[in-house]
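To start, the structure itself, in C-alpha coordinates.
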Amino acid sequence: MEKVTNSDLKSSVDGGVVDVYGEDSATIEHNITPWSLSVSSGYSLLRDPRYNKGLAFTEKERDTHYLRGLLPPVVLDQKLQEKRLLNNIRQYQFPLQKYMALTELQERNERLFYKLLIDNVEELLPIVYTPTVGEACQKFGSIFRRPQGLFISLKDKGKILDVLKNWPERNIQVIVVTDGERILGLGDLGCQGMGIPVGKLALYSALGGVRPSACLPVTIDVGTNNEKLLNDEFYIGLRQKRATGQEYSELLNEFMSAVKQNYGEKVLIQFEDFANHNAFELLAKYSDTHLVFNDDIQGTASVVLAGLVSAQKLTNSPLAEHTFLFLGAGEAGTGIAELIALYMSKQMNASVEESRKKIWLVDSKGLIVNSRKDSLQDFKKPWAHEHEPVKDLLGAIKAIKPTVLIGSSGVGRSFTKEVIEAMSSINERPLIMALSNPTTQSECTAEEAYTWSKGRAIFASGSPFDPVEYEGKVFVSTQANNAYIFPGFGLGLVISGAIRVHDDMLLAAAEALAGQVSKENYEKGMIYPSFSSIRKISAQIAANVATKAYELGLAGRLPRPKDIVKCAESSMYSPTYRLYR
(Lines of atoms letter the chains of each structure in order from A and count residues from 1; the text may use other names and numbers.)
(Lines give C-alpha, C1' and ligand atoms only; values in the text may rest on other atoms or scores of the structure.)
Protein backbone atom coordinates (compact mmCIF):
# COMPACT_ATOMS: atom_id res chain seq x y z
CA MET A 1 0.00 0.00 0.00
CA GLU A 2 1.27 3.47 -0.81
CA LYS A 3 2.00 5.65 2.20
CA VAL A 4 0.42 9.02 2.80
CA THR A 5 3.48 11.07 3.67
CA ASN A 6 2.32 14.63 3.14
CA SER A 7 0.78 15.60 6.48
CA ASP A 8 -0.33 18.96 5.08
CA LEU A 9 -2.65 17.44 2.48
CA LYS A 10 -6.33 18.31 2.84
CA SER A 11 -8.62 15.32 3.21
CA SER A 12 -9.85 15.70 -0.32
CA VAL A 13 -10.79 12.30 -1.67
CA ASP A 14 -13.74 13.58 -3.68
CA GLY A 15 -15.59 10.46 -4.76
CA GLY A 16 -16.36 9.41 -8.29
CA VAL A 17 -19.26 9.87 -10.67
CA VAL A 18 -20.98 6.66 -9.60
CA ASP A 19 -20.53 5.33 -6.10
CA VAL A 20 -21.23 2.01 -4.38
CA TYR A 21 -24.81 3.06 -3.73
CA GLY A 22 -25.48 3.09 -7.46
CA GLU A 23 -26.15 6.80 -7.80
CA ASP A 24 -24.39 10.05 -8.62
CA SER A 25 -21.59 10.63 -6.14
CA ALA A 26 -22.46 14.21 -5.30
CA THR A 27 -20.18 15.73 -7.91
CA ILE A 28 -20.91 19.01 -9.63
CA GLU A 29 -20.54 17.54 -13.11
CA HIS A 30 -24.14 16.32 -13.07
CA ASN A 31 -27.23 18.41 -12.48
CA ILE A 32 -29.68 16.73 -10.14
CA THR A 33 -33.29 17.16 -9.16
CA PRO A 34 -33.90 17.89 -5.43
CA TRP A 35 -36.48 15.17 -4.85
CA SER A 36 -38.24 14.80 -1.53
CA LEU A 37 -41.73 13.27 -1.50
CA SER A 38 -42.12 15.76 -4.32
CA VAL A 39 -39.67 18.15 -5.96
CA SER A 40 -38.54 20.56 -3.24
CA SER A 41 -38.86 24.21 -4.14
CA GLY A 42 -39.20 27.61 -2.56
CA TYR A 43 -39.31 27.80 1.19
CA SER A 44 -39.41 24.00 1.61
CA LEU A 45 -36.13 23.71 -0.30
CA LEU A 46 -34.43 26.16 2.06
CA ARG A 47 -35.71 24.11 5.01
CA ASP A 48 -34.41 20.76 3.69
CA PRO A 49 -30.84 20.18 4.98
CA ARG A 50 -30.13 17.61 2.26
CA TYR A 51 -30.60 20.11 -0.56
CA ASN A 52 -30.29 23.56 1.01
CA LYS A 53 -27.30 25.57 -0.24
CA GLY A 54 -28.15 28.86 1.43
CA LEU A 55 -26.69 31.81 -0.42
CA ALA A 56 -24.92 29.48 -2.88
CA PHE A 57 -28.04 28.97 -5.00
CA THR A 58 -27.28 30.33 -8.48
CA GLU A 59 -29.41 32.95 -10.22
CA LYS A 60 -30.87 30.25 -12.47
CA GLU A 61 -31.68 27.98 -9.52
CA ARG A 62 -33.39 30.83 -7.70
CA ASP A 63 -35.70 31.34 -10.67
CA THR A 64 -36.31 27.66 -11.37
CA HIS A 65 -37.06 26.72 -7.76
CA TYR A 66 -39.06 29.79 -6.68
CA LEU A 67 -36.35 31.16 -4.40
CA ARG A 68 -36.33 34.69 -5.79
CA GLY A 69 -36.91 37.10 -2.92
CA LEU A 70 -36.51 34.40 -0.26
CA LEU A 71 -32.75 35.03 -0.19
CA PRO A 72 -30.62 38.19 -0.21
CA PRO A 73 -29.40 39.01 -3.76
CA VAL A 74 -25.76 38.03 -3.23
CA VAL A 75 -24.50 34.62 -4.41
CA LEU A 76 -21.75 33.15 -2.20
CA ASP A 77 -19.91 30.01 -3.26
CA GLN A 78 -19.38 27.11 -0.87
CA LYS A 79 -15.76 28.04 -0.19
CA LEU A 80 -16.72 31.51 1.05
CA GLN A 81 -19.59 30.10 3.10
CA GLU A 82 -17.15 27.69 4.72
CA LYS A 83 -14.71 30.50 5.54
CA ARG A 84 -17.46 32.60 7.13
CA LEU A 85 -18.75 29.72 9.25
CA LEU A 86 -15.29 28.76 10.48
CA ASN A 87 -14.68 32.37 11.53
CA ASN A 88 -18.00 32.38 13.39
CA ILE A 89 -17.31 29.09 15.18
CA ARG A 90 -13.90 30.32 16.31
CA GLN A 91 -15.58 33.25 18.06
CA TYR A 92 -17.24 30.95 20.61
CA GLN A 93 -15.45 30.66 23.92
CA PHE A 94 -16.65 27.21 25.03
CA PRO A 95 -16.44 23.90 23.11
CA LEU A 96 -20.12 23.12 23.79
CA GLN A 97 -21.11 26.36 22.06
CA LYS A 98 -19.10 25.28 19.02
CA TYR A 99 -20.73 21.84 19.15
CA MET A 100 -24.20 23.39 19.17
CA ALA A 101 -23.29 25.69 16.27
CA LEU A 102 -22.08 22.73 14.21
CA THR A 103 -25.18 20.71 15.09
CA GLU A 104 -27.37 23.58 13.95
CA LEU A 105 -25.41 23.74 10.69
CA GLN A 106 -25.84 19.99 10.14
CA GLU A 107 -29.60 20.38 10.62
CA ARG A 108 -29.70 23.32 8.19
CA ASN A 109 -27.17 22.54 5.44
CA GLU A 110 -25.81 18.99 5.40
CA ARG A 111 -23.26 19.41 2.63
CA LEU A 112 -21.75 22.56 4.10
CA PHE A 113 -21.44 20.84 7.48
CA TYR A 114 -19.47 17.94 5.99
CA LYS A 115 -17.36 20.20 3.77
CA LEU A 116 -16.40 22.25 6.82
CA LEU A 117 -15.63 19.15 8.88
CA ILE A 118 -13.59 17.42 6.17
CA ASP A 119 -11.47 20.48 5.37
CA ASN A 120 -10.83 21.34 9.05
CA VAL A 121 -10.88 17.90 10.60
CA GLU A 122 -8.02 18.36 13.07
CA GLU A 123 -9.58 21.50 14.52
CA LEU A 124 -13.19 20.31 14.57
CA LEU A 125 -12.87 16.61 15.44
CA PRO A 126 -12.58 17.30 19.20
CA ILE A 127 -15.75 19.40 18.90
CA VAL A 128 -17.86 16.97 16.88
CA TYR A 129 -16.68 13.97 18.89
CA THR A 130 -14.54 13.38 21.98
CA PRO A 131 -14.11 15.12 24.29
CA THR A 132 -16.91 17.67 23.64
CA VAL A 133 -19.58 15.10 22.73
CA GLY A 134 -19.39 13.82 26.31
CA GLU A 135 -20.52 17.16 27.70
CA ALA A 136 -23.16 17.37 24.98
CA CYS A 137 -24.61 14.02 26.09
CA GLN A 138 -24.64 15.11 29.72
CA LYS A 139 -26.67 18.19 28.75
CA PHE A 140 -28.53 16.62 25.83
CA GLY A 141 -31.98 17.23 27.27
CA SER A 142 -31.29 20.93 27.74
CA ILE A 143 -29.78 21.51 24.28
CA PHE A 144 -32.11 19.17 22.33
CA ARG A 145 -33.52 20.86 19.21
CA ARG A 146 -34.67 18.25 16.75
CA PRO A 147 -34.27 14.45 16.47
CA GLN A 148 -31.38 13.19 14.35
CA GLY A 149 -31.98 9.46 14.73
CA LEU A 150 -34.40 6.80 15.91
CA PHE A 151 -35.40 6.53 19.56
CA ILE A 152 -36.60 2.98 20.32
CA SER A 153 -37.87 2.35 23.84
CA LEU A 154 -39.54 -0.36 25.88
CA LYS A 155 -42.84 1.18 24.82
CA ASP A 156 -42.11 0.00 21.27
CA LYS A 157 -41.75 -3.68 22.13
CA GLY A 158 -43.60 -5.76 19.56
CA LYS A 159 -43.56 -3.04 16.92
CA ILE A 160 -39.88 -2.19 16.37
CA LEU A 161 -40.12 -3.13 12.69
CA ASP A 162 -42.85 -0.50 12.29
CA VAL A 163 -40.65 2.05 14.06
CA LEU A 164 -37.76 1.32 11.68
CA LYS A 165 -40.10 1.86 8.75
CA ASN A 166 -40.84 5.36 10.06
CA TRP A 167 -37.28 6.35 9.15
CA PRO A 168 -37.47 8.07 5.74
CA GLU A 169 -34.40 6.43 4.18
CA ARG A 170 -34.63 2.85 2.92
CA ASN A 171 -31.07 2.14 1.77
CA ILE A 172 -29.29 2.00 5.13
CA GLN A 173 -25.70 0.71 5.16
CA VAL A 174 -24.48 1.58 8.68
CA ILE A 175 -26.34 1.71 12.00
CA VAL A 176 -24.70 2.90 15.22
CA VAL A 177 -26.75 1.88 18.24
CA THR A 178 -26.33 2.53 21.98
CA ASP A 179 -28.35 1.88 25.10
CA GLY A 180 -26.60 4.77 26.84
CA GLU A 181 -25.40 2.76 29.84
CA ARG A 182 -21.68 3.50 29.55
CA ILE A 183 -21.18 6.74 27.63
CA LEU A 184 -17.42 7.34 27.26
CA GLY A 185 -16.07 7.54 30.82
CA LEU A 186 -19.21 9.30 32.06
CA GLY A 187 -21.41 6.34 32.95
CA ASP A 188 -25.15 5.88 32.50
CA LEU A 189 -26.66 8.76 30.52
CA GLY A 190 -29.72 6.86 29.35
CA CYS A 191 -31.51 8.23 26.32
CA GLN A 192 -29.16 11.22 26.25
CA GLY A 193 -26.46 8.93 24.88
CA MET A 194 -27.92 9.62 21.41
CA GLY A 195 -25.15 12.18 20.90
CA ILE A 196 -22.71 9.29 20.50
CA PRO A 197 -24.37 7.51 17.51
CA VAL A 198 -25.03 10.89 15.86
CA GLY A 199 -21.38 11.92 16.30
CA LYS A 200 -20.00 8.56 15.22
CA LEU A 201 -22.03 8.54 12.02
CA ALA A 202 -21.00 12.11 11.21
CA LEU A 203 -17.45 10.75 11.21
CA TYR A 204 -18.43 7.74 9.10
CA SER A 205 -19.51 10.24 6.44
CA ALA A 206 -16.81 12.89 6.87
CA LEU A 207 -13.82 10.61 7.36
CA GLY A 208 -14.92 7.38 5.70
CA GLY A 209 -17.12 8.76 2.96
CA VAL A 210 -20.21 6.70 3.80
CA ARG A 211 -23.20 8.62 2.42
CA PRO A 212 -25.11 10.42 5.24
CA SER A 213 -28.44 9.14 3.92
CA ALA A 214 -27.14 5.57 4.39
CA CYS A 215 -26.41 6.15 8.09
CA LEU A 216 -28.89 5.60 10.93
CA PRO A 217 -28.26 6.61 14.58
CA VAL A 218 -30.31 4.58 17.09
CA THR A 219 -30.79 4.78 20.84
CA ILE A 220 -32.39 1.85 22.66
CA ASP A 221 -34.05 3.38 25.73
CA VAL A 222 -34.54 0.81 28.49
CA GLY A 223 -34.45 3.38 31.29
CA THR A 224 -31.57 4.75 33.34
CA ASN A 225 -30.15 4.22 36.82
CA ASN A 226 -28.86 7.79 36.87
CA GLU A 227 -30.90 9.48 39.63
CA LYS A 228 -29.81 12.93 38.53
CA LEU A 229 -31.35 12.36 35.10
CA LEU A 230 -34.49 10.76 36.49
CA ASN A 231 -35.04 13.91 38.53
CA ASP A 232 -34.15 16.29 35.69
CA GLU A 233 -37.26 17.98 34.32
CA PHE A 234 -35.58 18.28 30.91
CA TYR A 235 -34.60 14.58 30.62
CA ILE A 236 -35.91 13.22 27.31
CA GLY A 237 -35.95 9.47 28.06
CA LEU A 238 -38.03 6.95 29.98
CA ARG A 239 -38.26 7.85 33.66
CA GLN A 240 -37.66 4.40 35.08
CA LYS A 241 -34.85 2.17 36.27
CA ARG A 242 -33.03 0.16 33.63
CA ALA A 243 -34.65 -3.01 32.37
CA THR A 244 -32.37 -6.04 32.65
CA GLY A 245 -32.43 -9.77 32.08
CA GLN A 246 -35.08 -11.27 29.83
CA GLU A 247 -36.91 -7.98 29.24
CA TYR A 248 -33.70 -6.37 27.98
CA SER A 249 -32.66 -9.36 25.87
CA GLU A 250 -36.06 -9.65 24.19
CA LEU A 251 -36.04 -5.99 23.18
CA LEU A 252 -32.52 -6.21 21.72
CA ASN A 253 -33.35 -9.45 19.93
CA GLU A 254 -36.44 -7.88 18.37
CA PHE A 255 -34.34 -4.91 17.26
CA MET A 256 -31.66 -7.07 15.65
CA SER A 257 -34.24 -9.20 13.84
CA ALA A 258 -36.15 -6.14 12.64
CA VAL A 259 -32.99 -4.50 11.29
CA LYS A 260 -32.10 -7.59 9.28
CA GLN A 261 -35.67 -7.91 8.00
CA ASN A 262 -35.93 -4.25 7.01
CA TYR A 263 -32.43 -3.52 5.70
CA GLY A 264 -31.00 -6.90 4.75
CA GLU A 265 -27.98 -9.03 5.51
CA LYS A 266 -25.28 -6.48 4.66
CA VAL A 267 -26.20 -3.60 6.97
CA LEU A 268 -23.43 -2.94 9.50
CA ILE A 269 -24.66 -2.69 13.10
CA GLN A 270 -22.12 -0.99 15.35
CA PHE A 271 -22.69 -1.46 19.09
CA GLU A 272 -21.61 1.66 20.93
CA ASP A 273 -21.08 2.39 24.65
CA PHE A 274 -22.90 -0.61 26.06
CA ALA A 275 -21.88 -1.67 29.58
CA ASN A 276 -19.28 -4.44 29.72
CA HIS A 277 -21.68 -7.23 30.66
CA ASN A 278 -23.91 -6.48 27.67
CA ALA A 279 -21.18 -5.49 25.20
CA PHE A 280 -19.41 -8.85 25.20
CA GLU A 281 -22.65 -10.83 25.30
CA LEU A 282 -24.20 -8.96 22.35
CA LEU A 283 -21.06 -9.25 20.23
CA ALA A 284 -20.77 -12.99 20.92
CA LYS A 285 -24.49 -13.59 20.41
CA TYR A 286 -24.89 -11.85 17.05
CA SER A 287 -21.46 -12.09 15.39
CA ASP A 288 -22.41 -15.31 13.59
CA THR A 289 -25.80 -14.11 12.34
CA HIS A 290 -25.35 -10.38 11.68
CA LEU A 291 -22.71 -7.95 10.41
CA VAL A 292 -21.85 -6.53 13.84
CA PHE A 293 -18.95 -4.48 15.17
CA ASN A 294 -18.24 -3.10 18.62
CA ASP A 295 -16.06 -0.03 18.37
CA ASP A 296 -15.22 -0.02 22.08
CA ILE A 297 -13.90 -3.57 21.87
CA GLN A 298 -12.78 -4.10 18.27
CA GLY A 299 -12.25 -0.56 17.01
CA THR A 300 -10.19 0.46 20.03
CA ALA A 301 -8.19 -2.76 19.75
CA SER A 302 -7.42 -2.16 16.09
CA VAL A 303 -6.30 1.45 16.52
CA VAL A 304 -4.12 0.58 19.53
CA LEU A 305 -2.58 -2.35 17.67
CA ALA A 306 -1.81 0.01 14.78
CA GLY A 307 0.07 2.31 17.16
CA LEU A 308 2.03 -0.61 18.60
CA VAL A 309 2.91 -1.95 15.14
CA SER A 310 3.97 1.55 14.09
CA ALA A 311 6.06 2.00 17.26
CA GLN A 312 8.19 -1.02 16.37
CA LYS A 313 10.29 1.36 14.25
CA LEU A 314 11.03 3.46 17.36
CA THR A 315 11.64 0.59 19.79
CA ASN A 316 13.59 -1.48 17.23
CA SER A 317 11.95 -4.67 18.47
CA PRO A 318 9.02 -6.74 17.18
CA LEU A 319 5.80 -6.89 19.17
CA ALA A 320 6.44 -10.50 20.10
CA GLU A 321 9.44 -9.41 22.22
CA HIS A 322 7.40 -6.97 24.31
CA THR A 323 5.65 -7.50 27.63
CA PHE A 324 2.34 -5.69 28.07
CA LEU A 325 0.64 -4.43 31.21
CA PHE A 326 -2.90 -3.05 31.14
CA LEU A 327 -4.57 -0.89 33.73
CA GLY A 328 -8.23 -1.67 33.12
CA ALA A 329 -9.75 -5.05 32.28
CA GLY A 330 -13.09 -4.01 30.82
CA GLU A 331 -14.29 -4.30 27.24
CA ALA A 332 -11.61 -1.97 25.87
CA GLY A 333 -8.68 -3.50 27.77
CA THR A 334 -9.53 -7.13 27.11
CA GLY A 335 -10.45 -6.40 23.49
CA ILE A 336 -7.08 -4.74 22.88
CA ALA A 337 -5.24 -7.54 24.65
CA GLU A 338 -6.99 -10.21 22.57
CA LEU A 339 -6.11 -8.55 19.26
CA ILE A 340 -2.49 -8.05 20.34
CA ALA A 341 -2.32 -11.74 21.24
CA LEU A 342 -3.75 -12.69 17.84
CA TYR A 343 -1.24 -10.46 16.04
CA MET A 344 1.70 -11.85 18.04
CA SER A 345 0.56 -15.42 17.46
CA LYS A 346 0.78 -14.82 13.72
CA GLN A 347 4.13 -13.01 14.14
CA MET A 348 5.59 -15.87 16.22
CA ASN A 349 3.71 -18.70 14.47
CA ALA A 350 2.44 -19.71 17.91
CA SER A 351 -0.95 -20.23 19.52
CA VAL A 352 -3.02 -17.34 20.85
CA GLU A 353 -2.90 -19.00 24.28
CA GLU A 354 0.90 -18.87 24.21
CA SER A 355 0.86 -15.20 23.14
CA ARG A 356 -1.46 -14.28 26.02
CA LYS A 357 1.30 -15.15 28.49
CA LYS A 358 3.09 -11.92 27.48
CA ILE A 359 0.06 -9.81 28.41
CA TRP A 360 -0.95 -8.92 31.98
CA LEU A 361 -3.99 -7.01 33.23
CA VAL A 362 -4.67 -5.03 36.40
CA ASP A 363 -8.26 -4.37 37.47
CA SER A 364 -9.71 -2.64 40.55
CA LYS A 365 -8.62 -5.56 42.75
CA GLY A 366 -5.05 -5.75 41.47
CA LEU A 367 -3.13 -8.00 39.10
CA ILE A 368 -5.30 -10.68 37.48
CA VAL A 369 -3.75 -13.98 38.53
CA ASN A 370 -4.78 -17.63 38.72
CA SER A 371 -5.61 -17.52 42.43
CA ARG A 372 -8.44 -15.07 41.60
CA LYS A 373 -9.88 -17.15 38.75
CA ASP A 374 -12.99 -18.40 40.57
CA SER A 375 -14.19 -14.85 41.24
CA LEU A 376 -13.37 -13.41 37.80
CA GLN A 377 -15.86 -12.56 35.07
CA ASP A 378 -15.61 -14.92 32.10
CA PHE A 379 -13.97 -12.38 29.77
CA LYS A 380 -11.13 -11.84 32.28
CA LYS A 381 -10.30 -15.51 32.86
CA PRO A 382 -8.02 -15.98 29.82
CA TRP A 383 -5.74 -13.30 31.31
CA ALA A 384 -5.26 -14.94 34.70
CA HIS A 385 -1.62 -16.09 34.81
CA GLU A 386 0.42 -17.86 37.44
CA HIS A 387 1.82 -15.21 39.80
CA GLU A 388 1.45 -14.20 43.40
CA PRO A 389 -1.18 -11.50 44.05
CA VAL A 390 -0.18 -7.85 43.50
CA LYS A 391 -2.52 -5.17 44.82
CA ASP A 392 -1.69 -2.10 42.75
CA LEU A 393 -0.31 -0.88 39.43
CA LEU A 394 3.08 0.24 40.72
CA GLY A 395 3.64 -3.12 42.35
CA ALA A 396 2.65 -4.87 39.13
CA ILE A 397 5.16 -2.81 37.12
CA LYS A 398 7.96 -3.74 39.50
CA ALA A 399 6.97 -7.41 39.40
CA ILE A 400 6.18 -7.87 35.70
CA LYS A 401 8.67 -5.34 34.25
CA PRO A 402 6.56 -4.46 31.20
CA THR A 403 7.86 -2.65 28.14
CA VAL A 404 4.38 -1.38 27.25
CA LEU A 405 1.87 0.24 29.64
CA ILE A 406 -1.70 0.69 28.41
CA GLY A 407 -4.42 2.48 30.35
CA SER A 408 -8.11 1.83 29.70
CA SER A 409 -9.36 2.24 33.25
CA GLY A 410 -11.34 5.46 33.03
CA VAL A 411 -9.54 6.58 36.20
CA GLY A 412 -7.92 9.96 35.67
CA ARG A 413 -4.27 10.51 36.65
CA SER A 414 -3.70 6.89 37.63
CA PHE A 415 -0.35 6.93 35.79
CA THR A 416 1.40 8.82 38.57
CA LYS A 417 4.93 10.19 38.57
CA GLU A 418 6.09 7.03 40.36
CA VAL A 419 4.45 4.85 37.70
CA ILE A 420 6.06 6.72 34.77
CA GLU A 421 9.44 6.79 36.51
CA ALA A 422 9.22 3.05 37.18
CA MET A 423 8.49 2.38 33.50
CA SER A 424 11.42 4.63 32.53
CA SER A 425 13.81 2.86 34.88
CA ILE A 426 12.99 -0.47 33.21
CA ASN A 427 12.97 0.71 29.58
CA GLU A 428 15.08 3.06 27.47
CA ARG A 429 11.96 3.94 25.42
CA PRO A 430 8.89 3.11 27.53
CA LEU A 431 5.75 2.83 25.41
CA ILE A 432 2.85 4.45 27.29
CA MET A 433 -0.73 4.71 26.05
CA ALA A 434 -3.26 6.58 28.22
CA LEU A 435 -6.44 5.72 26.37
CA SER A 436 -9.27 6.78 28.66
CA ASN A 437 -11.41 9.73 27.68
CA PRO A 438 -12.62 12.40 27.97
CA THR A 439 -9.54 14.36 29.04
CA THR A 440 -10.46 14.38 32.74
CA GLN A 441 -10.38 10.56 32.74
CA SER A 442 -7.02 10.24 30.95
CA GLU A 443 -4.50 8.21 32.98
CA CYS A 444 -1.93 10.96 32.46
CA THR A 445 -1.32 13.97 30.25
CA ALA A 446 1.23 14.21 27.45
CA GLU A 447 3.21 16.73 29.47
CA GLU A 448 3.37 14.38 32.46
CA ALA A 449 4.46 11.43 30.31
CA TYR A 450 7.27 13.32 28.56
CA THR A 451 8.43 15.24 31.64
CA TRP A 452 8.46 12.34 34.09
CA SER A 453 10.19 10.06 31.56
CA LYS A 454 12.73 12.79 30.77
CA GLY A 455 11.62 12.87 27.14
CA ARG A 456 12.13 9.14 26.56
CA ALA A 457 8.52 7.97 26.47
CA ILE A 458 6.72 6.98 23.29
CA PHE A 459 3.28 8.33 24.12
CA ALA A 460 -0.23 8.22 22.70
CA SER A 461 -3.54 9.05 24.33
CA GLY A 462 -7.27 8.61 23.92
CA SER A 463 -7.89 12.34 24.32
CA PRO A 464 -6.15 15.17 22.45
CA PHE A 465 -3.24 17.04 24.05
CA ASP A 466 -1.20 20.02 22.87
CA PRO A 467 2.45 19.55 21.79
CA VAL A 468 4.94 19.46 24.66
CA GLU A 469 8.37 21.10 24.77
CA TYR A 470 10.95 19.33 26.91
CA GLU A 471 14.58 20.45 27.06
CA GLY A 472 14.34 22.24 23.73
CA LYS A 473 12.60 19.45 21.81
CA VAL A 474 8.93 19.58 20.82
CA PHE A 475 7.01 16.32 21.16
CA VAL A 476 3.73 15.91 19.27
CA SER A 477 1.68 13.23 20.98
CA THR A 478 -0.90 11.56 18.80
CA GLN A 479 -4.39 10.57 19.76
CA ALA A 480 -5.13 6.84 19.56
CA ASN A 481 -8.51 7.81 18.25
CA ASN A 482 -10.94 5.18 17.01
CA ALA A 483 -11.82 7.66 14.26
CA TYR A 484 -8.65 6.50 12.51
CA ILE A 485 -10.16 3.04 12.11
CA PHE A 486 -13.94 2.73 12.16
CA PRO A 487 -14.83 5.04 9.21
CA GLY A 488 -12.48 3.26 6.81
CA PHE A 489 -13.35 -0.11 8.32
CA GLY A 490 -17.04 0.52 7.71
CA LEU A 491 -16.40 1.71 4.17
CA GLY A 492 -14.43 -1.47 3.49
CA LEU A 493 -17.36 -3.59 4.62
CA VAL A 494 -19.76 -1.56 2.45
CA ILE A 495 -17.74 -1.68 -0.78
CA SER A 496 -17.11 -5.42 -0.43
CA GLY A 497 -20.68 -6.21 0.58
CA ALA A 498 -19.32 -8.12 3.58
CA ILE A 499 -21.78 -10.28 5.50
CA ARG A 500 -19.68 -10.86 8.65
CA VAL A 501 -16.79 -9.22 10.53
CA HIS A 502 -13.69 -11.39 11.03
CA ASP A 503 -10.77 -10.70 13.38
CA ASP A 504 -8.38 -10.81 10.41
CA MET A 505 -10.17 -7.73 9.05
CA LEU A 506 -9.25 -5.88 12.26
CA LEU A 507 -5.61 -6.89 11.79
CA ALA A 508 -5.77 -5.72 8.17
CA ALA A 509 -7.14 -2.34 9.26
CA ALA A 510 -4.42 -1.95 11.90
CA GLU A 511 -1.65 -2.80 9.44
CA ALA A 512 -3.04 -0.34 6.89
CA LEU A 513 -3.10 2.47 9.46
CA ALA A 514 0.41 1.69 10.73
CA GLY A 515 1.66 1.80 7.15
CA GLN A 516 0.57 5.43 6.76
CA VAL A 517 2.97 6.82 9.41
CA SER A 518 5.67 8.88 7.70
CA LYS A 519 9.29 9.57 8.60
CA GLU A 520 8.28 13.14 9.47
CA ASN A 521 5.67 11.78 11.89
CA TYR A 522 8.23 9.56 13.63
CA GLU A 523 10.67 12.46 14.02
CA LYS A 524 8.02 14.34 16.02
CA GLY A 525 7.41 11.36 18.30
CA MET A 526 4.14 10.44 16.57
CA ILE A 527 3.06 6.82 16.11
CA TYR A 528 -0.06 7.72 14.12
CA PRO A 529 -0.30 9.75 10.90
CA SER A 530 -1.67 13.26 10.73
CA PHE A 531 -5.46 13.50 10.68
CA SER A 532 -5.30 16.03 7.85
CA SER A 533 -4.95 13.12 5.40
CA ILE A 534 -7.66 11.01 7.02
CA ARG A 535 -9.74 10.42 3.88
CA LYS A 536 -6.76 8.99 2.02
CA ILE A 537 -5.91 6.92 5.09
CA SER A 538 -9.51 5.69 5.32
CA ALA A 539 -9.41 4.65 1.66
CA GLN A 540 -6.30 2.53 2.33
CA ILE A 541 -7.93 0.95 5.39
CA ALA A 542 -11.13 0.29 3.44
CA ALA A 543 -9.14 -1.36 0.66
CA ASN A 544 -7.26 -3.59 3.12
CA VAL A 545 -10.48 -4.61 4.89
CA ALA A 546 -12.31 -5.27 1.61
CA THR A 547 -9.37 -7.30 0.29
CA LYS A 548 -9.44 -9.44 3.41
CA ALA A 549 -13.22 -9.90 3.09
CA TYR A 550 -12.74 -11.23 -0.44
CA GLU A 551 -9.88 -13.51 0.68
CA LEU A 552 -12.03 -14.96 3.48
CA GLY A 553 -15.02 -15.51 1.21
CA LEU A 554 -17.14 -13.07 3.22
CA ALA A 555 -17.66 -10.49 0.47
CA GLY A 556 -21.06 -10.38 -1.18
CA ARG A 557 -20.39 -7.74 -3.82
CA LEU A 558 -19.18 -9.41 -7.00
CA PRO A 559 -17.21 -9.25 -9.17
CA ARG A 560 -14.27 -8.14 -7.08
CA PRO A 561 -12.98 -4.68 -8.16
CA LYS A 562 -9.67 -4.77 -10.02
CA ASP A 563 -8.33 -1.76 -8.08
CA ILE A 564 -9.84 -1.78 -4.59
CA VAL A 565 -8.12 1.43 -3.45
CA LYS A 566 -9.57 3.26 -6.44
CA CYS A 567 -12.95 1.67 -5.75
CA ALA A 568 -12.82 2.92 -2.14
CA GLU A 569 -11.88 6.44 -3.21
CA SER A 570 -14.55 6.65 -5.89
CA SER A 571 -17.21 5.36 -3.48
CA MET A 572 -16.68 8.17 -0.99
CA TYR A 573 -19.39 10.74 -0.43
CA SER A 574 -18.45 14.22 -1.61
CA PRO A 575 -20.03 17.23 0.14
CA THR A 576 -19.46 19.58 -2.79
CA TYR A 577 -22.65 21.37 -3.82
CA ARG A 578 -24.49 20.00 -6.84
CA LEU A 579 -26.28 22.00 -9.50
CA TYR A 580 -30.06 21.67 -9.59
CA ARG A 581 -32.09 21.37 -12.78
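Please read every residue number as a count from 1 along the shown chain.
In case you wondered, yes, glycine gets a Cβ from its N, Cα and C as well.
What Swiss-Prot says about this one:
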ACT_SITE  Tyr129  active site, proton donor
ACT_SITE  Lys200  active site, proton acceptor
BINDING   Arg182, Asp296, 325-341, Asn437  NADP(+) binding site
BINDING   Glu272, Asp273, Asp296  divalent metal cation binding site
SITE      Asp296  site 'Important for activity'
- Excluding Glu272, Asp273, Asp296 themselves, the divalent metal cation site's Cβ centre has within 8 Å the residues Thr178, Arg182, Ile183, Ile196, Phe271, Phe274, Ala279, Asn294, Asp295
- Query: If you count other Cβ atoms within 10 Å of each one's Cβ, which of the binding-site residues Glu272, Asp273 has the most?
  - Reply: Glu272
- Item | Between Glu338 (NADP(+) binding site) and Asp273 (divalent metal cation binding site): CA-CA distance (Å) | 19
- Query: Just going by other Cβ atoms within 10 Å, which of the recorded positions Arg182, Lys200 has the emptiest spot?
  - Reply: Arg182
- Message: Which recorded positions are spatial neighbours of Arg182 (NADP(+) binding site) here, meaning Cα within 10 Å, out of Tyr129, Lys200, Glu272?
- Response: Glu272
- Task: Fill in the CA-CA distance, the residue listed as 'active site, proton donor' to Glu338 (NADP(+) binding site), as an integer in Å.
- Result: 26
- Note on the structure: The most crowded of the binding-site residues Ala332, Ala341, judged by neighbouring Cβ atoms within 10 Å of its own Cβ, is Ala332
- Task: Look up Ala341 (NADP(+) binding site) in the DSSP assignment and reduce it to helix, strand or coil.
- Result: helix
